[in-house]
Amino acid sequence: MSEQMKNTALFVLVFAMIALTGIMQSWNVALLILNMGLISAIMALGVNLQWGFAGLFNVGVMGFVALGGLAVVLTSAAPVEGAWSAGGWRIVIALLAGAGTIVGTVMVRQRMAAGRARNIATIVLLLGGFFLYRGIFDPGVEAVEAINPALQGNLGGLNLPVLMAWPMGGLLAAGVAWLIGKTALGLRSDYLAIATLGIAEIIIAVMKNEDWLARGVKNVVGLDRPVPYEIDLQNTSSFVNRAEGLGLDPATASSLFVKLNYSILFAIVLVLIFVAAQLALKSPWGRMMRAIRDNEVAAEAMGKDVTNRHLQIFVLGSAVCGVAGAMMTTLDGQLTPGTYNPLRYTFLIWVMVIVGGSGNNLGAVLGGFLIWFLWVQVEPMGLFLMELITSGMAEGSGLKKHLIDSAAHMRLLTMGVILLLVLRFSPRGLIPEK
Amino acid sequence: MDFLNALVALSNFVIIPAIAYGSQLALGALGVTLIYGILRFSNFAHGDTMAFGAMLAVLITWWFQSMGVSFGVLPTALLALPFAILGTMALVLITDRMVYRFYREQKAKPVILVIVSMGVMFIMNGLVRFIIGPNDQKFADGERFIISVREFKAMTGLKEGLAIKTTQGITVVVAIIAVALLFWFLNRTRTGKSMRAYSDNEDLALLSGINPERVVMYTWLIVAALATTAGVLYGLDKSFKPFVYFQLLLPIFASAIVGGLGSPLGAIAGGFVIAFSEVTITYAWKKVLKYLMPESLEPSSLVQLLSTDYKFAVSFVILIVVLLFKPTGLFKGKSV
């Protein structure tokens, strides 16, 4: 069987499973899986850029996904009336002062000779800068958060169309990734992993606590949508007529129509990013990246700037994750910082890349769809399995109830088993790198 | 008097909690550092190993309680601890046999082992949730306080009270015993010496006839014991919740790295460095300062440098600073 046929067969298999879901459960569920599968595939492409192309061990995916979500609020939400004049500028000035402190300290450290005087200067500058920053920052935050706290209390956004938020999500993630890369990328692979793990937690902590930014754990709901609302469709006579022509009731038809619209939008983004990633992989730049990945020392001896190339691909990969994060928040219609969890948003994406085939873009996309499908469907499958196992047990027994209740936790177990099996028996993934 | 009050407030809210938390981190970091020294990879499943051990202890404790067995003023969980350790030992040995050994024989790169440990992490996490569920479980019993606030106030007549929870006392005592045993084992026994030799120089150790599989097995056994102890102590002190153990991974790694990966002494020092920084930076200092400053200068705000949710940021910043300025950690660790 030729390679192309095998790959096609794998994709057909995954989409057939999704279609089967549509026939057996409902098309709504199938489209939900498809939409999140598309987003997952984009996230997997981002991680594949970093890990597959360059061998960067980034386990902070969650942070960049969340930043993408934040960008949706900052771009598309309406600005909160009076927030900027009340304290918004103050916050901006405080943040600039904070950044200035750090830059100033670094510059002073470069100018001064090493020794006690330099250490004292560093500490004095940092402490002084911190109190200055808090001094400007706190009143501003208080003023902004006092505005209509039950519904707003944040700065709001730029009121731009929500589709603009997707590239903005990428830009925001890229900017933060650049800052992180500048400090952390020199680290060895294990250290980089732990550092990125920490950064992701910090990004989430900031989003949860800084209410002025996007209301923190109070969540922002009712974000704009790039597609029509179901209720509007149901009130449009032409849509209702067409739905009835297809033999569907308007409620189902409208919800399917909206999801299909999302699918088309997401598919366009996926194709764009996939093509770009393929071109990058096959370009001289991509070959250089793989050369660096396979032997850093040799690549450096050939005159390649390893540090800067690493920084470049770290920023690019994170930007892709940011775009996916923005798309996800748009799909949800709300930003809920409390729901970001590293198992789901970092490690699951890693499972997708490893299972699909690291270093191969097609593999990453396949992994995204397949693993997402399993992540959703393992729960009902587990429930079915548990009911089968416990069918012989006495009705109302404690163990039976426990087993059935615990079926929901099967998905983590399954993901672990899949990851270990693939690593053991097919370490290069389903579609290996060429 | 004011100075004494300030000191008591400081001990009550900063020093004592930080010592307890630091001991828990140190025990966790010792496990990470041992794996790193002997098996040469960062074990992402360590937090979940702790959760598994603690879960076993919780279940055994409940069983003991239902049979009416108790440990007097001490928590029953201490009686359950040895059994939980045995169970965790079995789990990690099975994991090693089924998962890690294959990659050891292949001489896989450390980063592959890290990814493998991610898979193990998923499985253990799922297992714990499957067995006990994702919710908070309380299993501490016995006397709650060694000294309660009221007793302390009556005893000393100070305005500030000092409370020492039994769990905090137990944490420190158990941690000291565990560390003493560990160091005795590593420095005095033949197996311990062979472990250190293997960690220092694998080839030389193999040449001198040390059986690597034996060394690895003992490492896992010790790690299981340390992880379970750390998990149970943390659970007693706070409460048992599977997800929290996963989140402990970051401060634990930070402790191990700050101390120098592969160095047991460093892991302990790192644990306390991280714990003290986390607690002091997220503590609202107003209570202490109000005793030390003249009334006119009394701070109006809480004087909290960062809100408690930023404690991850603290471990992370220390981690980065140490890595940038002293990449091998405070005590010379190794870099593979």
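The chain as shown is numbered from 1 upward.
Glycine residues also receive a Cβ, built from the backbone N, Cα and C atoms like all the rest.
Residues annotated as transmembrane segment in TrEMBL: A:7-24, A:30-49, A:56-77, A:89-108, A:120-137, A:157-179, A:191-207, A:262-281, A:311-328, A:348-376.
Looking at A:7-24, A:89-108, A:262-281, the range that has the most CB pairs within less than 8 A of the transmembrane segment (A:311-328) turns out to be A:262-281. Fewer than three CB pairs closer than 8 A are found between the transmembrane segment (A:262-281) and the transmembrane segment (A:7-24), and contact between the two stretches is not assigned (pairs 6 or more residues apart). When Cβ-Cβ distances below 8 Å are used as the criterion, the transmembrane segment (A:191-207) is approached by residues 56-64, 66-67, 70, 176, 180, 184-185, 213-214, 216, 337, 340, 342, 346 of the same chain, each at least six residues removed from its ends. Residues 7, 10-11, 14-15, 17-18, 21, 29, 32-33, 36-38, 40-45, 47-48, 51-53, 59, 61, 270, 274, 277-278, 281, 290, 321, 411, 414-415, 418-419, 422-423, 428-434 of the same chain lie 6+ residues outside the transmembrane segment (A:348-376) yet bring a C-beta within less than 8 angstroms of a C-beta in it. Nonlocal intrachain contacts for the transmembrane segment (A:56-77), taken as residues 6+ away from its ends with a CB within less than 8 angstroms of a stretch CB, comprise 43, 46-47, 50, 154, 156-162, 164-166, 168-173, 176-177, 180, 185, 189-190, 192-193, 195-204, 207, 213-214, 220, 223-224, 310, 313-314, 317-319, 321-330, 335, 337, 340-342, 344-347, 349-350.
Beyond its flanks by at least six residues, the transmembrane segment (A:7-24) meets 1, 30-31, 33-34, 37, 362, 366, 369-370, 373, 377, 430-431 of its own chain at Cβ-Cβ distances under 8 Å.
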